[in-house]
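Student: As annotated in Swiss-Prot:
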BINDING   Ser9, Lys41, Leu73, Lys87  substrate binding site
BINDING   Ser9, Phe10, His17, Gly88, Leu89, Arg90, Glu98, Tyr124, Thr125, Tyr126, Val127, Ser128, Ser129, Thr130  ATP binding site
SITE      His17  site 'Transition state stabilizer'
Amino acid sequence: MKIGVYAGSFDPITKGHQDIIERALKIVDKLIVVVMNNPTKNYWFNLDERKNLISKIFEGSDSIKVDEHAGLLVDFMAKNSCNILIKGLRDVKDFSEEMTYSFANKKLSNGEVDTIFIPTSEKYTYVSSTFVKELAFYNQSLTGYVDDKVIVDILNRAKEYRG
């Protein structure tokens, strides 16, 4: 069984992330979506909330597991016997950054981790979690940018931020 890992902060998960997850399942048999905390980011949703948003979207899927990890991703992958890392790419900037990480992950894992890059579908190239949060903050429609199952959660959080 081929098990892949798709990691990110997912604050919140977008249709772009969802598209990468669904397309990754054409490559691997099982995908572990790993929610990570980046110490340089300020989050709208805490770790458990982000995991719950993802779980809500993929509820009932036997092919997707949602997990969390603090630390090096290669350590999580070794612990879970995974060697396929899935990365979505929106543009050349993403490619440049992720290519560097792929070399580092390969070295840190003693050659065990291979990174598979999946280009973002054209309709999601400009969609990011930051973009979604900005739309939500200004009470704009999130339809088409996030799954319908999580729109209310995101709009409610935006309302809290607006005060």
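A Cβ is built for glycine as well, from the same backbone N, Cα and C atoms used for every other residue.
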Student: Round to the nearest Å and give the CA-to-CA distance linking Lys41 (substrate binding site) with Glu98 (ATP binding site).
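Tutor: Between the alpha carbons of Lys41 (substrate binding site) and Glu98 (ATP binding site) there are 18 Å.
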Student: Restricting the comparison to the binding-site residues Glu98, Val127, Ser129, which residue's C-alpha is spatially nearest the C-alpha of Leu73 (substrate binding site)?
Tutor: Glu98
Student: If you pair up every Cα among Ser9, Lys41, Leu73, Lys87, the residues annotated as binding substrate, what's the maximum separation in angstrom, rounded to an integer?
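Tutor: That value is 19 Å for the farthest Cα pair.
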Student: What same-chain residues, at least 6 away in sequence, bring their CB to under 8 Å of the CB of Glu98 (ATP binding site)?
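Tutor: Once residues fewer than 6 apart are set aside, Glu98 (ATP binding site) is near Lys87, Leu89, Thr115, Phe117.
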Student: Relative to the Cβ of His17 (ATP binding site), which residues of the same chain, six or more apart in sequence, are found under 8 Å away?
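Tutor: Residues satisfying the criterion: Gly8, Phe10, Gly88.
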Student: Could you measure between Ser129 (ATP binding site) and Ser9 (substrate binding site) for me? Cα positions, answer in whole angstrom.
Tutor: 9
Student: Other Cβ atoms within 10 Å is the metric here; tell me which of the binding-site residues Ser9, Thr125, Ser129 scores highest.
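Tutor: When each Cβ's neighbours within 10 Å are tallied, Ser129 tops the list.
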Student: Measuring Cα to Cα, tell me the gap between Val127 (ATP binding site) and Ser9 (substrate binding site) in whole angstrom.
Tutor: 15
Student: Could you say which of the binding-site residues Lys41, Lys87 has its Cβ with the most other Cβ atoms inside 10 Å?
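Tutor: When each Cβ's neighbours within 10 Å are tallied, Lys87 tops the list.
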Student: I need the CA-to-CA distance for Thr125 (ATP binding site) versus Ser9 (substrate binding site), whole Å please.
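Tutor: Cα to Cα, Thr125 (ATP binding site) and Ser9 (substrate binding site) are separated by 18 Å.
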